[in-house]
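Student: One structure, as structure tokens, below. Some questions next.
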Amino acid sequence: MESNRHLVTFTHDEWSALAKNAPLPLTHTDVRHLKALGDPIDLAEADAIYRPLSALLQMYAQEIGDLHRKTSDFLGLREQRTPFVIGIAGSVAVGKSTTARLLQELLRRWPYTPRVDLVTTDGFLYPNAVLEERGLMNRKGFPESYDHAALLDFLRRVKSGEDRVEVPRYDHVIYDIVPGQHQVVAHPDILILEGLNVLQPPLLAAGGRPGAGKLTGSRARLTPTDPAFYTGNLTAVSDFFDVSIYVDASPEDLETWYLSRIFKLRDVAFHLPGAYFHQFADMPDAELRDRSLEIWNAINLPNLLENIQPTRERADIMLCKGADHRVQRIHLRKL
């Protein structure tokens, strides 16, 4: 175990030695069902990485719950405990979805946190029709392609203790929001929010952030020291997190995993009725690889380098993966 300023670093073996008495009520079949397409995680990796992580997160949730109760007693309030919110960020193809689903299943087995909801920020993407109207279809997944105000409103309502909050449903086959369909979040013990950009700081109204727009007229002379330089809302999604996780990997490995996933999707999802990428279904291997690399280099890699990877230092916990898709190191921010 290493200590480097504000971080404590564990190797795979050091981390797996933790929480040996924590339960792992998952089977090989459970892990196969929970992992995302192309993610080679197995029961041994779930045991080594996610069992200790779930134990740590459950401890955090219980301590925050106790603090909420003591604070309410001190202030003379009679409010019920609000959900403990975990944010999970990382690139396309890094394995965020698998991490989120494994943690959901493990955390809901603890007696203190039986109700665990998982929401992805895909539901807060603008519909394709809106993206096309705004010329943003080729920037889908970039910060400006999300309804940031709706996402913040969702988190405010969850953290305020509302009993029922709806989230638009996104379908990866049709590559769009499904009109009239919603996921309902009903006051869980824990909410896991997973997405590319959940650790983004508030967007500036000018100067440097893709799609943030430009100040005009007299406001164009403003500097970052002036509050009016900003969009007017300095609230970040991560302001609502009790703990945040970043799943990290090298751009080279991510490209390899992305290509592998595309080929698997061709055999599974691209043939389904209504599939947005149906034109890829019968594409020869060489052509599919070239087209996928074009998409990676034009969209996913720039988004990673410009928007996603720079936010990893904001995470409380960083899971660093090697070329085999397994976690090699775990960084924890010191409390």
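Here the Cβ of each residue, glycine as well, is placed from N, Cα and C on the backbone.
Automatic, uncurated: that is what TrEMBL annotation is.
When I checked TrEMBL for this same protein, it listed these features:
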type	residues	note
DOMAIN	85-196	domain 'Phosphoribulokinase/uridine kinase'
BINDING	G90, S91, V92, A93, V94, G95, K96, S97	ATP binding site
Student: Relative to the mean position of the Cβ atoms of G90, S91, V92, A93, V94, G95, K96, S97, the recorded ATP site, which additional same-chain residues have Cβ within 8 Å?
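Tutor: Here the nearby residues are V247, A249, L254.
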Student: Give the number of CB atoms, excluding that of S97 (ATP binding site) itself, located within 10 Å of its CB.
Tutor: 20
Student: Among the binding-site residues G90, V94, which residue has the largest number of other Cβ atoms within 10 Å of its own Cβ?
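Tutor: Within the set of binding-site residues, the most crowded position is G90.
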Student: 10 Å Cβ neighbour count around S91 (ATP binding site)?
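Tutor: So the number of other Cβ atoms within 10 Å of S91 (ATP binding site) is 27.
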Student: Using the structure shown, find which entry in V92, A93 (the binding-site residues) has the sparsest Cβ neighbourhood within 10 Å.
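Tutor: It is V92 that, of the binding-site residues V92, A93, has the fewest other Cβ atoms within 10 Å.
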Student: Taking DSSP as the reference, which of helix, strand or coil describes G90 (ATP binding site)?
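Tutor: The residue in question, G90 (ATP binding site), is strand (DSSP, three-state).
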Student: Count the residues of the domain 'Phosphoribulokinase/uridine kinase' (85-196) that DSSP assigns to helix (H, G, I), to strand (E, B) and to coil, and report the three numbers in that order.
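Tutor: Per-class counts: 40 helix, 37 strand, 35 coil.
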